[in-house]
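Enquirer: Quick one: structure below, then a few questions.
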Amino acid sequence: MSWSFLTRLLDEISNHSTFVGKIWLTLFIIFRIVLTVVGGESIYYDEQSKFVCNTQQPGCENVCYDAFAPLSHVRFWVFQIILITTPTIMYLGFAMHKIARSNDVEYRPVNRKRMPMINRGRNRDYEEAEDNGEEDPMIMEEIVPEKEKAPEKSAVKHDGRRRIKRDGLMKVYILQLLSRIIFEVGFLFGQYILYGFEVAPSYVCTRSPCPHTVDCFVSRPTEKTIFLLIMYAVSCLCLSLTVLEILHLGLSGIRDAFRRRARHQSVQRPRAPICRQVPTAPPGYHTALKKDKLSLGMKPEYNLDSGRESFGDESSSRDIDRLRRHLKLAQQHLDLAYQNGESSPSRSSSPESNGTAVEQNRLNFAQEKQGSKCEKGIHA
């Protein structure tokens, strides 16, 4: 196997893992693979040849060594490395396949064309108010142009979690972390059952074909004990990093959920409604309407507050108050005229009725004059 393939494989694993995962990969390569290959070869190369028993019985040493070490330390650690890296390699293969498939045009989902947004035109109210003889549509469509996509910002450095989430690999990544934890715990328990925490300097063997109780002696027991404890520490450290990585992903996911929720609430926060000017009647509209009522013989009902809708300045309000007093007088005279109309028909041409008509004409003239002044002020 060429080293270039191994280097490319490690690069891909590093690109599709978080910051904690990269630390785990560094410790795994240095303290497990390199330490097992370099240290194990020099320490355990003569473990069976230097295993000496005080007997000359053929086959007794082999049987006693098998009882002392059912599985060699180095072979156990090599098997541990293979099984622990298996979930990571499977995850990497799945990630590369999915990314390559997403880049393929045949498997890429077809994006639907976005429907144009329809909004009520801002000039709709003015068009309805126009009397140009044209029928205005019930709904005026105003196509809102789509916002141009902003150019992507320069890639911000992050811990790799966003890239994993963007590629849709988060579930598979967490699954391989859980598998790694299970394997780590299983191998730690098996290592304790097989070897304990110390390599004994001697071993008492009573197996057949040994003729009697045989004492056997192990080469470099202290060095092997130190190396065994180092491997325990490395396994515990890798297990802690894996658990820390899962906690990191969980807390980061919760934090992103809260941020997304806060952003969603800020977007949906109700805005202050835009005030629109309520259209009002022209200044002389109510007066003309009252004149029509008088011509039809209906009893006039003057809206004493109509002046407030048309004029807003102080001078016009004083004029309106003065005219309102005249209107009250005119109303009283009109009531008397209607009450006595049947008994004396000629009463309608009396000076009182003429005075009422004069007052009404003065009111109409004042309102029209004031309305023309307001219109000139608006145009100016």
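Our numbering is plain: 1 for the first residue shown, then up by one each step along the chain.
Yeah, the Cβs are placed from backbone N, Cα and C, and that goes for glycine too.
Source: prediction; values computed, not measured.
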Enquirer: With Swiss-Prot as the source, do C64 and R255 lie on the same side of the membrane?
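Expert: The record shows them split across the membrane, with topological domain names that differ.
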Enquirer: Just to confirm my parser: what is the rounded mean pLDDT across the topological domain 'Extracellular' (195-228)?
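Expert: When the pLDDT values over the topological domain 'Extracellular' (195-228) are averaged, the result is 86.
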Enquirer: Go through the chain and flag residues at least 6 beyond the ends of the topological domain 'Extracellular' (195-228) whose CB is under 8 A from any CB in it; none is fine as an answer.
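Expert: Non-local partners: 39-40, 43-44, 46-47, 50-55, 57-61, 63-65, 67-68, 73.
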Enquirer: Could you give the number of helix, strand and coil residues in the topological domain 'Extracellular' (195-228) as assigned by DSSP?
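Expert: Breakdown, helix to coil: 9 helix, 8 strand, 17 coil.
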Enquirer: Counting only residues 6+ away from its ends, which parts of the chain sit with a Cβ under 8 Å from the topological domain 'Extracellular' (46-75)?
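Expert: Apart from its flanks, the topological domain 'Extracellular' (46-75) reaches 36, 40, 194-195, 203, 205, 207-211, 214-220, 224, 227-228, 231.
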